[in-house]
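Below is one structure, written out as structure tokens, with a few remarks after it.
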Amino acid sequence: MEMQGEGGHPYIPRDLKLPGYVPVSLSQSTILSIFGISSLLVVSFMWILSGRFPKTSKTERWLMCWWIFTGLTHIILEGYFVFSPEFYKEKASLYPAEVWKEYSKGDSRYAARDSCVVAVEGITAVLEGPASLLAVYAIATKKSYRYTLQLAISLGQLYGTAVYFITSYLDGDNFAASMYYYYSYYITANASWVVIPTIISIYCWKKISAALQVQELKKAKLR
């Protein structure tokens, strides 16, 4: 059972106005289980499928798994948030709405439709989501732009996450219903989009640099 504040919701600040708010109907364990199982199925499918592409290394297969996971997350969940401004009024236990009602306990800027959050999520859903799926195709078919594309998306994710955290800090960093939600949702749920894009950025940077070095050596030999 949710604890309701002055505004009839569990979010911080308690006086945040959310007229027509409908409490989360799915339990936290149900919401997380659906997300976890769905993600596992998507990643497993991609891992199996990627094994059918010739000369695809394990690193490339893991990258394909990451990009399909993050791409679908951006498009489906974050896309829903961006284009559903009144998700907190949803009565039909629609899963994406339940996700954001629950996540807002860790960052009420989502329920409040903070302009910065909407802008960051909008760019992520509309641009980075499809680009992530394109990265899967680029890796599978060995396109020459695959490293450049992955680097660009990863830097975009890092930039968006940095803006997300910095604006929260500048606004007081007090949007979580409790420290439990702060660390579980705000910190932990976003950690993957800091750690993994950083690793991929370094990986792609090395690949691009090595390719350019080889090209420069070939030019030098022809002179």
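From the backbone N, Cα and C atoms, a Cβ is placed for every residue, glycine too.
In TrEMBL, annotation is done automatically, which means it is predicted and not curated.
Noted in TrEMBL for the protein shown:
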DOMAIN    59-201  domain 'EXPERA'
TRANSMEM  31-50  transmembrane segment
TRANSMEM  62-83  transmembrane segment
TRANSMEM  117-139  transmembrane segment
TRANSMEM  151-170  transmembrane segment
TRANSMEM  182-205  transmembrane segment
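Between the transmembrane segment (117-139) and the stretches 62-83, 151-170, 182-205, it is 62-83 that has the most C-beta pairs under 8 angstroms. Within the chain, the transmembrane segment (182-205) has long-range Cβ neighbours (under 8 A, six or more residues past its boundaries) at 59, 63, 66, 70, 102-103, 105-107, 147-148, 150-151, 153-155, 157-158, 160-161, 164-165, 168, 175-176. Mean pLDDT of the predicted structure over the domain 'EXPERA' (59-201): 97. Counting residue by residue with DSSP, the domain 'EXPERA' (59-201) contains 111 helix, 0 strand, 32 coil.
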